[in-house]
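As annotated by TrEMBL, substrate binding site applies to B:R97, B:N151. If you look up TrEMBL, you'll see B:C172, B:H202 marked as Mn(2+) binding site. Taken from TrEMBL, the feature domain 'Glycosyl hydrolase family 4 C-terminal' covers B:197-411. Among the features that TrEMBL reports, site 'Increases basicity of active site Tyr' is placed at B:E113.
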Number of protein chains: 4
Amino acid sequence: MFKKDLKIAVIGGGSSYTPELIEGFIKRYNELPVKDLYLVDIEEGKEKLEIVGGLAKRMVGKAGVGINIHLTLDRREAIKDADFVVTQFRVGGIDARIRDEKIPLKYDVIGQETTGPGGFAKAQRTIPVILDVCKDIEELAPNAWLINFTNPSGVITETVLKHTNVKAIGLCNVPIGMVYGVAEMLEVDPKRVYIDFAGLNHLVWGTHIYLDGEDITEKLIDSFAGGKSLSMKNVPQLPWDPDFIKSLGMYPCPYHRYYYLTDQMLEKQKEEAATVGTRGEVVKKLEQELFELYKDPNLNIKPPQLEKRGGAYYSDAACSLICSIYNDKKDIHVVNVRNNGTIADLPDDVVIETNAIIDRNGAHPINIGHVPAKIRGLMQAVKAYEELTIEAGVKGDYYTALQALTIHPLVPSAMIAKKILDDIIEQNRDYLPQYK
Amino acid sequence: MFKKDLKIAVIGGGSSYTPELIEGFIKRYNELPVKDLYLVDIEEGKEKLEIVGGLAKRMVGKAGVGINIHLTLDRREAIKDADFVVTQFRVGGIDARIRDEKIPLKYDVIGQETTGPGGFAKAQRTIPVILDVCKDIEELAPNAWLINFTNPSGVITETVLKHTNVKAIGLCNVPIGMVYGVAEMLEVDPKRVYIDFAGLNHLVWGTHIYLDGEDITEKLIDSFAGGKSLSMKNVPQLPWDPDFIKSLGMYPCPYHRYYYLTDQMLEKQKEEAATVGTRGEVVKKLEQELFELYKDPNLNIKPPQLEKRGGAYYSDAACSLICSIYNDKKDIHVVNVRNNGTIADLPDDVVIETNAIIDRNGAHPINIGHVPAKIRGLMQAVKAYEELTIEAGVKGDYYTALQALTIHPLVPSAMIAKKILDDIIEQNRDYLPQYK
Amino acid sequence: MFKKDLKIAVIGGGSSYTPELIEGFIKRYNELPVKDLYLVDIEEGKEKLEIVGGLAKRMVGKAGVGINIHLTLDRREAIKDADFVVTQFRVGGIDARIRDEKIPLKYDVIGQETTGPGGFAKAQRTIPVILDVCKDIEELAPNAWLINFTNPSGVITETVLKHTNVKAIGLCNVPIGMVYGVAEMLEVDPKRVYIDFAGLNHLVWGTHIYLDGEDITEKLIDSFAGGKSLSMKNVPQLPWDPDFIKSLGMYPCPYHRYYYLTDQMLEKQKEEAATVGTRGEVVKKLEQELFELYKDPNLNIKPPQLEKRGGAYYSDAACSLICSIYNDKKDIHVVNVRNNGTIADLPDDVVIETNAIIDRNGAHPINIGHVPAKIRGLMQAVKAYEELTIEAGVKGDYYTALQALTIHPLVPSAMIAKKILDDIIEQNRDYLPQYK
Amino acid sequence: MFKKDLKIAVIGGGSSYTPELIEGFIKRYNELPVKDLYLVDIEEGKEKLEIVGGLAKRMVGKAGVGINIHLTLDRREAIKDADFVVTQFRVGGIDARIRDEKIPLKYDVIGQETTGPGGFAKAQRTIPVILDVCKDIEELAPNAWLINFTNPSGVITETVLKHTNVKAIGLCNVPIGMVYGVAEMLEVDPKRVYIDFAGLNHLVWGTHIYLDGEDITEKLIDSFAGGKSLSMKNVPQLPWDPDFIKSLGMYPCPYHRYYYLTDQMLEKQKEEAATVGTRGEVVKKLEQELFELYKDPNLNIKPPQLEKRGGAYYSDAACSLICSIYNDKKDIHVVNVRNNGTIADLPDDVVIETNAIIDRNGAHPINIGHVPAKIRGLMQAVKAYEELTIEAGVKGDYYTALQALTIHPLVPSAMIAKKILDDIIEQNRDYLPQYK
Ligand SMILES: [Mn+2]
Ligand SMILES: [Mn+2]
Ligand SMILES: [Mn+2]
Ligand SMILES: [Mn+2]
């Protein structure tokens, strides 16, 4: 990989997040010589692609780096001979997400983009598309690395690793957000903070936290109770109960609130849905505003308003990962990879979220072993749900889908699982070719 | 074990179930020569002990077998040199059970004797007592087998195996009830039915069902939907949804309803609590009626009314297990034993419910290996809860208890877990010496 | 399996062992209604087939049972719709075995039919044939049970389970021989003796020995030192050292001598080879004598001389296994089955030798868990050799074969492994189509 | 660990290797501020300690760094409040090593310092002493890191981790030697070479080799056959057979020759013993020469002759490890650590040799998962031997010792194991207090 002129394809290039990515590549241009950056989207996203593509070109121009931005609806052209393929597409767009949020709420169940039935629906829509993308990669760029950001990121990465030959690493900005959260709490440089992560995407625990190598987990516990610092824009910031946090003895991720504070989160969701709208509805407006901003021909940097969108550190996570692979850095990133015994309590072939050494040959997880019972059961329960979700999504099997939803910890019964499933299939019929 | 004159101690001998056990020993007297049967109880249970003890003596007298019934409040006298110790005591009696049922219901959570927070409370009360009983066994009858029926049976057996040197096997009448249920459905002799069981106590799945050795699981699936045959008196018989049962492809135990049909079961419980009373309240009346019957000096058989109580097949399960141990039978029973790798998805040192070969050296589980994802996650989640429940019960650690309840699949949040926990500790203060 | 008229195919029907089998079926005719027994052999074995087939017919005639003996060279006719297929063939016959014994001896390595390079050679010859037989079974009798006696029995059974869809159970008379050995030592009925077996075929340890259910392992240890009772005709009976046996604390199988007493066994083999001939040469003469006996038109029972041949209890092991399957007995046999986690220290997909419950659905191993370090390492080393032997035999891969032989504990170096391998390939070229 | 003034204790400070270590600390003084370096030895080693201590002082003086060299026979004084304790002592000295080499050779068994019965003897002598050292550390410097170089390094480290509370990491210069060997072969800077290591100390395989992140294992295979580069001074450099190396497909460590080329290595050893003497005898002379050199009051650098001694890269391995711990570097070293599931084919509680991230909290192995069958069996067999060796060494149990030696792959039989064991106990009676 001494080649100088990297080609990168971004599937879902018309996303409002793209300026994050562009900024990341610009910052790293010296060590990561991207020559051709293809932003790909589908017909329906053409307008957005052109807007965000325009901004990308202006950003690159202003920075004076030699990155050529290509805008295209031809995915195969973009993938051909790419060195990296970044996936950040959303099948069905923001409207599908809003439906994902609203269906479960009808049944008093958490309605969320990635967690619970909403994430299940998103997975079912996404699986056929990601498998198609992977077919293209297998044919046109068999040595490319797939960096997957498309949610539910762990589930989609596991689908790719189980059902294709594509080399894939899944990413999420939650772990890096947690590191920054601790740094903010302590008012120190994030580089001085290190966290042992263990779990699944959007269900990851910081099992130990270190400042300059000293284990400060216990000292920090009380600070988590306030929860002030855990600034995920996508998850309402209900405070953690001090006794609960002490008994957990770890740093839960923001999404854990859906599991540990289910009733309060549900109340919050229902209240928001009735007033400002679901998170999807809020984001829809934010995105429209962002695209208005992006259109401004004088804008040639990432606008600060993008941070409200929820993608903080996205560029750090993605570009820095690509950079470590390209430069064989052997530094540590938090990624979604094949378990392969890293967490002894989960099957070998599932995907986990964990600290890993990154080099030219991919992600090499740091061994974890057995995890404590207090986090083990929930992690295993959600993983079983994810495995069934993938199987259902690949086969389009109604019964497997019904089991997947029934055993999800946030779904209270088989009856409600069935009603939600039927609603999901009904409302997503254009996106679920496998359920025919 | 060629000795002829067996001594058996029954801890909680004043239970209304005792006539079941007496009947079982009488029936097997030829192959199981019980000479001394000690019924032990505590001061508070003296009256019941005398009533049920009187009946036991009349039953033995009528049967003309040489079993000497001893009634005592001196546990150590009963345990000394015993060959088998049967535990069927209930710490706090039926009133504590009723409280266990009512506390969770206050928070819209399933209130049940063994499943959920009710079972947690029962475990906390029982753990100090079973550890005391085991100290006596270690000292006075180190070679005795402990046959544990005290609920939650799996949790209590795991406590004994993890924290004492007593040889223990846990029992429950659910599996044998499921075999009889299938036999009834098919109108065949139960001996022709065989079921592969896998799971935990009160969370056991019949993964395959055989008639005369032929796998009839698939054929039977529809019949389960009606659910007619699964006659657990303790669990309301809500019907299973046909799609759900088809997608499960297995035979759920009656207690699975609390997990798979949570909302309907909760409605049912609330309705019953408001009308006929909780199951505990119903049982309290049934027990009073039973003890009235038992007093009748002309009664010298197990009265048929006992069946309503919910202990069907209890004598079959317990006496037949003791008989197989004593006679080195190497036949198959469904028992609660140390996992030791039998189910590859659970730790070695936990207790599972499984088919096992029984002989003089105890229970030798038939290997299971990995179980399907659709039952794996729930089983692992409940087991993690059980491990924490045992740890909390042994140490009296509030934080561990809080985690145990929080991660229980039927408890919707840490906040509710905390409220329930505080209520449990408050209402059971006389029985929880470890929480001081 | 309520059909009354069983069809059984014996591949390698012309074997001198066949009268054992016939005797076993005759004895069990009441509970095992064999109607058609096909003895199949290849062209080269036609004469023997006719001799032994004649005896079989006379035995059946004398016994007055309704078993029809069919002699055929048409394997497919024999397999078609069979209920059981018994494999006891030897590719290359006794002469190939003699070569297997002599090649390693040239290099001062144990030369044995099943253990070490001799067993490797036998496996390489046998694997292509057993895969062919299984193709026939898959096509012509997909529900048949394959009962494999062909050596190396564990390796051949693992080949079938890994590479075909045939339901197979591997058998060996060593474990039953060990039970009878203990019974003889104690002068008791073998039915009173029970042994926990754990290990691999021809590398199985009796980890605990019971008399009437009482663990007598420790008491017996000294008796093993003499080794008098372990009457395997195929293995020279060098005595065990008392200190070694005490330190092992278990009952080694006769074949363990090749590993634990390697130098003495090698001396013994070299001495025998130079005088009476290798075991194969001795057996060749025995077989010729047996076939002379078999020709006697007045002989209509199994001749007692057959016992010297080394197949003691063969009929017990095979016919009693078939009988337990047919009658859904759920009794315990020692068999070669897929590990599936039974021994926690070996992969799931390998074959082990273990106690198992036998019923209409096959063999269900009794769980073992982890084994002690003192037997673990050797068992794992030999299993790794076996896995490579199978892979080499299926693919015909020289390099894999070289690794298989190199890591065999009895082969002292890669150089000698290579020489032996080259000799084996050279001397077996007609039987190794896969090495082209 | 922001303290500036590090205290380091070197147990066995009078070793001829010590100048390596001094050089390492001098080179790293800027990032590793060692203030007090205690060289400890026992009464018998006083003279050597003074010689080497004198050289150490001159080296430090010449370098002008602020390291105070302390020479002492008081181990407790040295350990008290130490930050790091480095163990490089040899119980019984070089004469005991020579006996370790000669005893097995009497029985035609490999006689080697760390591999086979020689390593077993060394372990038995060392275990009581290392446990004593650890008692001192537990009492006087509970936060100290023990960096163990004392051989057999893996076995001694496992002893410490299983039987004490000391934080320990085991080291060996073989892996770094293999990296340098490849670099030499390719004529590149060693920093460009990276190897995935998996196995046990002195039984470690380079499973993949990378140059600048590109996997070059296959390309390199032929080069290993010549074996030119694998410059372990302690191991005769017999060439590898090209077919063997191709079939292995990995990079064996120099000590693998004892297993893969046993007969040739034995011949070589016997020939050397009869001519130049065993390696121990050669080393004894080299050491005497070295100590003569060390005495030279004008010598104030590490003399180049030390390299012949076999300790190449020793200083790199040890000082760089200490430096990474102190500076929380999170770089990768090859170390001996608790397995904890890193290699899925070995128990959790054993020590393996593997790549690990090093930081202030110790060594965090990079996950390996299952290893291929071709290396698995040998690794498991040797590990089982090691586990028994440790158990025997801690308990002083003759029977466990006999099993340990019997199952060692290089010991041909239980009889020879017993003779060697009796010889070892007889000839080491002053050093084996546990075998009383
Ligand atoms: Mn995410
Ligand atoms: Mn029960
Ligand atoms: Mn055999
Ligand atoms: Mn070393």
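Residue positions begin at 1 at the first shown residue.
Heads up, the Cβ atoms here are built off N, Cα and C, so glycines get one too.
Just so you know, TrEMBL annotations never went through curation; they're auto-generated.
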Among the binding-site residues B:R97, B:N151, B:C172, B:H202, report those whose Cα falls within 10 Å of that of B:E113 (site 'Increases basicity of active site Tyr'); none is a fine answer.
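Hits: B:R97, B:N151.
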Taking ligand 2 as the reference, state which of the recorded positions B:R97, B:E113, B:C172 have a Cβ closer than 6 Å to one of its atoms.
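By the Cβ criterion, which requires under 6 Å to ligand 2, the hits are B:C172.
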Between the Cα atoms of B:R97 (substrate binding site) and B:H202 (Mn(2+) binding site), what distance do you get, rounded to the nearest Å?
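Given the Cα positions, B:R97 (substrate binding site) is 17 Å from B:H202 (Mn(2+) binding site).
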Write down the Cα-Cα distance for B:C172 (Mn(2+) binding site) and B:N151 (substrate binding site), rounded and given in Å.
9
What number of additional C-beta atoms lies within 10 angstroms of the C-beta atom of B:E113 (site 'Increases basicity of active site Tyr')?
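Step by step: centre on the Cβ of B:E113 (site 'Increases basicity of active site Tyr'), count other Cβ atoms within 10 Å, giving 26.
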Just jot down the residues in the same chain as B:C172 (Mn(2+) binding site), at least 6 apart in sequence, with C-beta under 8 A of its C-beta; none if empty.
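Those within reach of B:C172 (Mn(2+) binding site), by Cβ under 8 Å and sequence separation of 6 or more, are B:F149, B:S153, B:G154, B:N201, B:H202, B:A317, B:N336, B:E353.
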When a 10 Å sphere is centred on the Cβ of B:R97 (substrate binding site), how many other Cβ atoms does it contain?
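I count 26 other Cβ atoms within 10 Å of it.
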Check B:C172 (Mn(2+) binding site) against DSSP and tell me helix, strand or coil, would you?
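Note: B:C172 (Mn(2+) binding site) is coil by DSSP, not helix or strand.
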How many other Cβ atoms are found within 10 Å of the Cβ atom of B:H202 (Mn(2+) binding site), counting all protein chains shown?
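Around the Cβ of B:H202 (Mn(2+) binding site), 27 other Cβ atoms lie within 10 Å.
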Which three-state DSSP class does B:R97 (substrate binding site) fall into?
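Helix, per DSSP.
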Run through the Cβ atoms and count how many others sit within 10 Å of the one on B:N151 (substrate binding site).
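Within a 10 Å radius of the Cβ of B:N151 (substrate binding site) lie 23 other Cβ atoms.
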